[in-house]
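Heads up, the thing below is written out as structure tokens.
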Amino acid sequence: MASQGENKWVYSFGAGKTEGRADMKNLLGGKGANLAEMANLGLPVPPGFTITTEVCTYFYANGKSYPPELKDQVAAALAAIEEAMGARFGDPANPLLVSVRSGARASMPGMMDTVLNLGLNDITAQGLAKRSGDSRFAFDSYRRFIQMYSNVVLDVDHHHFEDILENVKRDRNLTLDTELSADDWQTVIKGYKKVVEDELGRPFPQDPEEQLWGAIGAVFGSWMNARANTYRRLHDIPASWGTAVNVQSMVFGNMGDDCATGVAFTRNPSTGENAFYGEYLVNAQGEDVVAGIRTPQHLTIAGKQANHSDLPAMEEVMPEVFHQLDAVRLKLERHYRDMQDIEFTVQQGTLFMLQTRTGKRTAPAALRIAVDMATEGLIDRTEAVKRIDPASLDQLLHPTLDPKAERTVIAKGLPASPGAASGKVIFTADEAEAQAALGEAVILCRVETSPEDIHGMHAAQGILTTRGGMTSHAAVVARGMGRACVSGAGELRIDHKAKTIMVRNVTVKEGDLITIDGSTGEVMLGAVPTIQPELSGDFATLMGWADGLRRMKVRTNAETPLDARTARKFGAEGIGLCRTEHMFFDPARILAVREMILAEDEAGRRRALAKLEPFQKQDFVELFTIMAGLPVTIRLLDPPLHEFLPKTEEEMREVAEAAGTDLQRVEHRSLQLHETNPMLGHRGCRLGITFPEIYEMQARAIFSAAAEVAKGGNPVTPEIMIPLIATRKELDILKDVVDRAAKEVSAATGQELDYLVGTMIELPRAALRAGEIAETAEFFSFGTNDLTQTAFGISRDDSASFLPDYQRQGILEHDPFATLDADGVGELMKLGAERGRAVRPGLKLGICGEHGGDPASITICEAVGLDYVSCSPYRVPIARLAAAQAALASDTVKRD
Ligand code: PEP
Ligand code: MG
């Protein structure tokens, strides 16, 4: 192999020695590193070698050429396989055949190219026939090779080959591939070779060496194909990583009935159940299982029974090999300490392992596996908490079908990816994407999906296929994306031309509504009502572990009783932001609000405010009662007055009548209040400065409510928050207003009142002057929506028209209104926190902008040292888990 000082581009495995390890994924790709690891574990891996990802990088940096040392290193590694297998590449009597496969750092299933049976030509095919004693197998393998190689390497369209095969079958009156004889395959091969010659003007390459380098080049080339590029974009995989190429001795699952090939998961990837889970086919090659052409059989008897299959399980057909495979399963799980996705082949009763990798799983399965593995002692609880992607919890919070709802089930397929989804029937990925862009919910309906469909699958709410098993492309990809999926609903007939789905006497047309339930496999007509999930079991267990690890508290942004209750159910530890203006928009109150805004003097305003005060008080009584002693931060009125102005003449008339004035005066006052830049205008604390009676009324309502609830035996400590403070003076003035209201209510009710007055930090000036502001403020809450808006000078309301260009051109990696801009806005938060706490040690700090529910932003909040994050109710569980992971990452884990 590589001599001293020479670059090493090739790593052997299984051929006498193994040079790679599982932790060399960056260099060898996931497949190559794990093949080496399995060989190191003593598992039966066919010998082979991996050409490193660095060769891919070199290939693209050097005009698609190879490093000069590569040829010799490949030749030496190939010789090692020949030696291990006792066969020679191109040998007429005893030919070595290899597979050539891609293998990037991150798994990209089906996105890049693969060539199997490489090394066959007119002569070696005869040799293989003689040596195996099975000429049918040999010629079937040769025709597969010509078809795959021509398609992948020579770019000949596969429909040519399909036509030839169909013609031969028709001539012979046969329906199944397995019915073709050796002679039939010879006829097919002749046809295939002629197609290649006609299409390319040169014969199919006979030289194995030429075949090998052609395949290696095609695999490297496929790193940049359109579907790989799309997949990388969707999964944030950098193009600079490159792929490795794995060249491995072929083993055959298609040499007879004592042969098989299959794919399996060491636990159920849909439910997480600790049961061996997989599919296999007797007398078949790898691609047959995932292609969905033949219906795969279950590995275990339990799997077969659970899926009501009549086909025998591997456990019954090949008990010995099955038990060997089951032992491999346990060994791999113990070694990797995670659920594995494996591929295997049985050649004449001997088991070979072709792949292992961490298995993709649904969110419920991820939870169950993490909790079970921690309980089994394979991992600890900290590791279990780290393994769950907080964003994936979203899938668990999604609705399921209401069991009481009427439903018309038209078919049952496989429960391939859980969750219920309703939408319009759409037949192509492009149309699904186009409809989704118009805001339509769609169900992508296909006979089977292929990697070309991923953009449509991503855009769809759910995916329905009529062919393919639980490990079919549709099933695997849907689970990874968190889309509901029913696969293999074979009763349905999809007619692409007529754009219909037919089943018995029912015809569903394109655009009709259907519902699929990915947890049961049912397909239903119309949109079936759904209900919210129960959050118990593994979810509750894991969330409990996460809660034990996090330092930051998680509160919610809520102003309605419904939101407050939902948030408590999801584990919110208080309200971090109650936006009081939402209470003002209520139809029963809006008239009084308009009357207040349009009043021409303080007396008029006070009259209108007096109408609002009882409503406000009642709002707070309800919130305090629901939150039962948990902290509640109430923000005084914030939005531009402009937003409340009456718009139609009728609305103006109503206000005029209620205020006892005339239409003209109302119109005139509306014009006066009109603003050019309302977001930077008369809003936030500026309202309190010009109309202190508004804040006074709100403070009085809060304190009266607190006094009432406290009398009932539930003391509350309201946290009153002043928005959009830029200067300390503003806060001083408004705190006085609040303090006076507290004294007034205390005197009137005889109730001692505990409360805090704090501010939002949502303007850069406030962050910079946080020191002096903290002399008055008893807490800070970072309003990162406005802070982002004002730090960038980008309007929250108008950014959608140009931000996508900023992301496309790489100016901004993320939408800064969704994920905190760590360098700018994060820096302002850091300054604000440091300066505030320098003046008032222990100053309570929180965040209530949208970022409070975004996992990446929560990591920044941990680093800034916030006491809590606050987010919308449905993101509370995500924030709880993300806060625990952030604490683990920065080693600020809560230790009781
Ligand atoms: C903010 O600005 O971050 C905030 C929470 O307030 P609002 O979104 O109501 O302006
Ligand atoms: Mg704000």
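Each residue's number is its place along the chain shown, starting with 1.
Cβ atoms here come from the backbone N, Cα and C positions, even for glycine.
Curation plays no part in TrEMBL annotations; they are all automatic predictions.
Annotation source TrEMBL lists domain 'Pyruvate phosphate dikinase AMP/ATP-binding' at 26-63 (among others). Mean per-residue pLDDT, taken over the domain 'Pyruvate phosphate dikinase AMP/ATP-binding' (26-63), amounts to 96.
The feature domain 'Pyruvate phosphate dikinase AMP/ATP-binding' is assigned by TrEMBL to 69-306 (among others).
The domain 'Pyruvate phosphate dikinase AMP/ATP-binding' annotation in TrEMBL covers 320-372 (among others). Secondary structure of the domain 'Pyruvate phosphate dikinase AMP/ATP-binding' (320-372), assigned with DSSP and counted as helix (H, G, I), strand (E, B) and coil, comes to 27 helix, 17 strand, 9 coil.
Annotation comment: TrEMBL describes 440-521 as domain 'PEP-utilising enzyme mobile'.
Among the features that TrEMBL reports, domain 'PEP-utilising enzyme C-terminal' is placed at 536-886.
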Item to check | Stretch among 69-306, 320-372, 440-521 sharing the most Cβ pairs under 8 Å with the domain 'PEP-utilising enzyme C-terminal' (536-886) | outcome: 320-372
Item to check | Three-state composition of the domain 'Pyruvate phosphate dikinase AMP/ATP-binding' (26-63), taking helix and strand from DSSP | outcome: 24 helix, 4 strand, 10 coil
